[in-house]
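What Swiss-Prot says about this one:
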type     : residues                                         : note
REGION   : 1-131                                            : region 'Disordered'
COMPBIAS : 37-58                                            : compositional bias 'Polar residues'
COMPBIAS : 116-131                                          : compositional bias 'Basic and acidic residues'
BINDING  : 149, 150, 151, 152, 153, 154, 155, 156, 157, 175 : ATP binding site
ACT_SITE : 271                                              : active site, proton acceptor
REGION   : 409-439                                          : region 'Autoinhibitory domain'
REGION   : 428-448                                          : region 'Calmodulin binding (CaMBD)'
BINDING  : 501, 506                                         : Ca(2+) 2 binding site
DOMAIN   : 558-587                                          : domain 'EF-hand 4'
BINDING  : 567, 569, 571                                    : Ca(2+) 4 binding site
């Protein structure tokens with residue numbers, strides 16, 4: 001499989017341009033980030049990475065310098081056969097979200113000009129849309145609007161100043177969302193959800209502050225913190241397209257800190273990209289803040305989302321497969337990390353379909369310059385975020401504990417994935433718990449740093465963790481968003497901990513992820529060492545029927561499972577132990593080489 005190489009991220013005029021939501025438009029761009037810069041022949045036909053909120057600040061680049069972090073020459077990437085394009089259903093989904101009109105039907109046009117509910121293509125009439133949100137009504141009396149500083153599909157953002165109250169004379173940013181564009185119940189619900197998210201998440205150091213929300217007959221006004229330092233993308237361009245490692249680490253710690261926070265609240269952003277991070281000021285050490293939760297959503301601990309949203313260059317493979325969770329945000333951060341360190345996009349295509357094929361099939365290039373000069377730990381960090389298997393991808397909390405970022409002394413947050421792993425462990429069979437205990441004794445010291453931090457964040461009592469420890473830890477971090485996503489419901493499935501405690505050794509067995517360990521280069525040594533422990537402490541005679549029950553498979557799997565049991569003593573072989581740890585299905589097992 002070859003590599004996809006990046007291209008210019010500059011504005012282009014006469015080609016397909018994906019919007020901030022990943023949609024391709026054939027119309028010329030109306031907002032050029034650097035209109036004075038001539039179009040390069042190399043950049044012709046390159047989709048623009050378009051911002052939802054266009055930066056109001058002038059580029060620091062001199063005229064004639066290509067405004068792009070993409071320095072790698074473009075190369076054509078040919079496939080042996082054209083795969084089905086995922087672009088069409090994505091475009092359709094985005095059109096529905098924005099309330100675009102459906103395909104024409106042989107029906108009379110309603111004479112009434114009032115908005116009606118879009119029934120998604122069903123024939124017949126509809127109900128009038130209720131666009132009354134119940135927000136405050138006196139925006140004009142409290143704020144004086146200034147110039148426009150950004151514009152997107154769903155609205156525009158203006159500078160404003162408070163006229164009265166505690167915030168008198170304070171400058172703010174006001175996102176103005178036109179009610180005329182709310183042409184479906186989905187688009188109305190998107191606005192309600194965005195406001196609810198901003199309210200719940202405001203207050204974290206790296207989240208844009210939410211102040212208030214108002215409405216009138218025509219618009220919704222969301223009053224937020226004004227970040228005057230411009231976009232992260234502009235800073236990347238100002239530095240010639242890439243960041244030195246030491247500076248990239250400082251940026252990524254801030255991005256991961258915010259992401260770990262809203263993931264713990266049960267929120268998935270779904271559109272993380274350099275344009276959606278703003279600096280509070282022009283200072284080099286300015287604080288970075290995440291913005292634009294217009295595509296974000298609440299997600300339950302046992303839920304997978306299936307609607308395809310986001311920006312093409314940053315979309316995760318599982319999003320294209322329509323089954324994803326918070327891991328999709330981590331892929332986007334992996335793309336941002338790649339750009340920060342080398343100045344190129346890891347996946348490129350002339351069209352959205354080509355970009356998506358590249359995301360699904362190609363591997364990022366870590367061979368060309370400047371990668372040979374970048375530290376091995378930095379490359380490992382990026383690779384573990386750009387793993388196409390979402391189960392092997394680091395969480396935000398795990399990424400903060402990665403050796404590459406450890407010198408930055410990032411404050412670690414509780415990782416909700418620990419709750420899901422512990423829940424599975426305490427509900428597992430004794431045989432599986434023995435296998436995981438053996439694996440925990442082979443965990444590398446570098447990985448133990450994360451587990452030790454999580455153990456202490458759960459505030460153990462008398463050296464152990466009870467159900468109350470898990471409950472109180474969630475309570476300490478809870479916001480209204482966590483209640484909306486119903487994450488505390490997982491505590492109802494952890495009742496066995498009401499009668500016992502987990503010491504640190506057993507916590508490691510419960511909270512270790514087999515897939516995370518498999519992503520490490522030393523996985524073979526880890527598995528071998530773990531099997532040696534299992535041979536001494538947990539391996540026993542097991543029948544094919546019992547093993548099938550442990551794996552939750554039927555009699556059709558017996559021939560396969562028989563190969564996992566040693567004929568000499570009836571115990572699990574090394575192959576059987578590794579497969580048993582995975583809990584893989586028969587289909588996935590038989591498709592892998594032995």
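Here the Cβ of each residue, glycine as well, is placed from N, Cα and C on the backbone.
Where Swiss-Prot records a feature, it is marked here on the structure.
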| residue | record | contacts (Cβ under 8 Å, 6+ apart) |
| --- | --- | --- |
| 155 | ATP binding site | 175, 176, 177, 178, 181, 219, 220 |
| 501 | Ca(2+) 2 binding site | 461, 462, 463, 464, 465, 466 |
| 506 | Ca(2+) 2 binding site | 437 |
| 567 | Ca(2+) 4 binding site | none |
| 569 | Ca(2+) 4 binding site | 541 |
| 571 | Ca(2+) 4 binding site | 539, 540, 541, 542, 565 |
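Only residues 6 or more beyond the boundaries of the domain 'EF-hand 4' (558-587), in the same chain, are considered here, and those with a CB under 8 A from a CB of the stretch are 432, 435-436, 439, 514-515, 527-528, 530-531, 534, 539-545, 547-548, 550-551, 594.
Residue 157 (ATP binding site): 24 other CB atoms within 10 A of its CB, across all protein chains.
Calculated from their C-alpha atoms, the gap between residue 151 (ATP binding site) and the residue listed as 'active site, proton acceptor' amounts to 16 Å. Reported as a whole number, the C-alpha separation between residue 149 (ATP binding site) and residue 271 (active site, proton acceptor) equals 20 Å. For the Ca(2+) 4 site, the Cβ centre of 567, 569, 571 serves as reference, and the other residues of the chain with Cβ at most 8 Å from it are 541, 565, 566, 568, 570, 573. When the Cα atoms are compared, residue 157 (ATP binding site) and residue 271 (active site, proton acceptor) turn out to be 18 Å apart. Cβ neighbour count for residue 271 (active site, proton acceptor) (all protein chains, 10 Å cutoff from its Cβ): 24.
According to DSSP, the domain 'EF-hand 4' (558-587) comprises 16 helix, 3 strand, 11 coil. The 10 Å shell around the Cβ of residue 151 (ATP binding site) contains 17 further Cβ atoms across the protein chains shown. DSSP classifies residue 151 (ATP binding site) as strand under the three-state reduction. The number of other CB atoms found within 10 A of the CB of residue 149 (ATP binding site), across every protein chain shown, is 20.
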